[in-house]
Amino acid sequence: MDFSTNDTIAAIATAPGRGGVGIVRVSGIKAAEIAEHVLGKCPKPRYAHYGPFLGAEGQVLDQGIALFFPNPHSFTGENVLELQGHGGPVILQWLLERVVQLGARLAEPGEFSKQAFLNDKLDLAQAEAIADLIDASSQQAARSALRSLQGDFSNQVNELVEQLIQLRIYVEAAIDFPEEEIDFLSDGKVAGQLQHILEQLHRVLASAQQGVLLREGMSVVILGRPNAGKSSLLNALSGRESAIVTDIAGTTRDIVKEEIQIDGMPLHVLDTAGLREATDAVEQIGIQRAWAAIEEADRILVMVQANEAIHPEDQAILEKMPSHIPVTLIHNKIDLIEKSPELSENDGETEIWLSAKHHLGLDLLKQHLKTEMGYAQTEEGVFMARKRHLEALETALHFVETGQQQLEHFAAGELLAEDLRQAQQALSEITGQFTSDDLLGRIFTSFCIGK
C-alpha cells in the first residue's frame, strides 16, 4: 500500500456510532488552509478555539472546539487539525466530506501513526503499542502497552543495539590491526561484554514473553467423552452459564468459546463436542471441528470421570493427542468419591483432580495454566510485545550465542563480527531502524482508521 507523505489526510478519529463528542482529524500541509476555510481563521497553536464549522456556502455544519498543532510539534510531525463536534454519524460524515472537498484525502487505517513513525515522532514498537493500548482487554495489558508507548521496550532494545555496535567496533579494530602485540580478542573484555549482552537479552526476552501473553493470551481446548463435564468446566472458568449442561450425552455439538482472564492473562477456552463414534450428522461435524481446534491449541485439557477407571475410549483420546501440544489430564467429579482437590506430576505429565460442578480445585487448574505458560503476576518491567518481537529477540540471542562459541572455541574474530552484525540487525527490526516496506504495510493496516 502506498502511503504518501505529501498528502493531507483526514479521518473520523472517534469510534463509529452515536456519542457526545466526535472528532475529525486532519494531518498534512493543507491542514492550516483547511482550518481557515472551515473556521474562518487558523486557530492559535495548541489553544482550544470554540466556534462554528462552516460549509462551502458559509452555512454552519456544526459547532465545537478546534485544535491546531503546527509541525513538527504534533503527533504526526506534520500540521494537525482536530475538529471536535457532536458525535452523530451524519454530522461527522458531513464535516469529513467538507474537509475532503478542501483538498484532503481519506486516510488509510493506521496512516496517522505511520506518518508519526516516518517523521521520527515514535518508533515501530511504540506505534504498535498504540494499537495494543486501544485493544487491551485488561488493566494489566493496558499498563504494559502504555509502558511500550512511553518507550520502555524501545529503550531496552536500543541499549542492546548500542552495546552490540560498541563491541563490533572493538572486535573489528582487533581484526584490522593484527600486528598489535596485545591480542584484544583473548584479553577477556570481549568475552565479558558478550556475557553481559546475553544476560540482558534473556531479561528483555522474559519480559517480552510476558507481554505477548498479556496481548494474545493462551488457547485452551477442553476434550473428553460425552458427559465428562467439559461444559461444566467451561462454565466454572467463565463464571457464567456459557454452555448448556444436561445429563444427556452429546448436548454440546459445536465449539463453544469463552474469553476469560486469569489475573490479567487472557484465556481463550474452547468447549468441544464429546469425542465418540457419532451417527448424527450434526454431531459428527462438531467432532470434526473439535479435532481441528486441537491443532491450534496451546494446551489441551482431557477430561475423565474421577469416579471410574480410565475408560478405553479415554485412553484412545489421549493416544491421539499431537505430541507437540502439552496435555493436562483432568479427573472431574471428585465430589462423587469424596476426594480432595489435588495436582500431581508424573514423568512430566500433569493430572488435576477437581469438581467443575462444585468449583473444587479450580484454583489449582488456574495456577497450573499460569505456570505452564510462564506467566508471572507482576507488572514491574513488563511491556507489551508481539510475536514478531519475540522472533527478533530469539534471533538476536541465537547470533550472540553463536558468536560466543566462535570466540571461545575458534577465536574467529571475523565470524564473531558477522554474528554481532546479524544480532544488531534483528534487534533493529523491532524499532523499525531496519524494516521492510512490506512489514510496515502489514503493521499499520491492522490499525483502526483515525490512528
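Positions of Cβ are set from backbone N, Cα and C atoms, glycine also.
Remember, it's a predicted structure, so these values are computed and weren't measured experimentally.
Annotation comment: Swiss-Prot describes R25, E82, K121, K451 as (6S)-5-formyl-5,6,7,8-tetrahydrofolate binding site, evidence class sequence analysis. The feature GTP binding site is assigned by Swiss-Prot to 227-232, 246-252, 271-274. What Swiss-Prot lists as K(+) binding site is N227, T246, I248, T251. As annotated by Swiss-Prot, Mg(2+) binding site applies to S231, T252, with the evidence given as sequence analysis. Residues annotated as domain 'TrmE-type G' in Swiss-Prot: 217-374.
Just so you know, the Cβ of N227 (GTP binding site) picks up 19 other Cβ atoms within 10 Å once every protein chain is counted. E82 ((6S)-5-formyl-5,6,7,8-tetrahydrofolate binding site) falls within a strand when secondary structure is assigned with DSSP. In sequence order, A13, I23, V24, R25, V26, A66, L67, F68, F69 constitute the residues six or more apart from E82 ((6S)-5-formyl-5,6,7,8-tetrahydrofolate binding site) in its chain with CB-CB distances below 8 Å. For the pair N227 (GTP binding site) and K121 ((6S)-5-formyl-5,6,7,8-tetrahydrofolate binding site), the Cα-Cα distance reads 57 Å.
Within the model, the domain 'TrmE-type G' (217-374) carries an average pLDDT of 82. Each residue contributes its Cα atom, and for K230 (GTP binding site) and K121 ((6S)-5-formyl-5,6,7,8-tetrahydrofolate binding site) those atoms are 50 Å apart.
Reduced to three states, the DSSP call for S231 (Mg(2+) binding site) is helix.
Neighbour counts were taken at the CB atom with a 10 A radius for the binding-site residues R25, K121, K230; the maximum falls on K230. R25 ((6S)-5-formyl-5,6,7,8-tetrahydrofolate binding site) falls within a strand segment according to DSSP.
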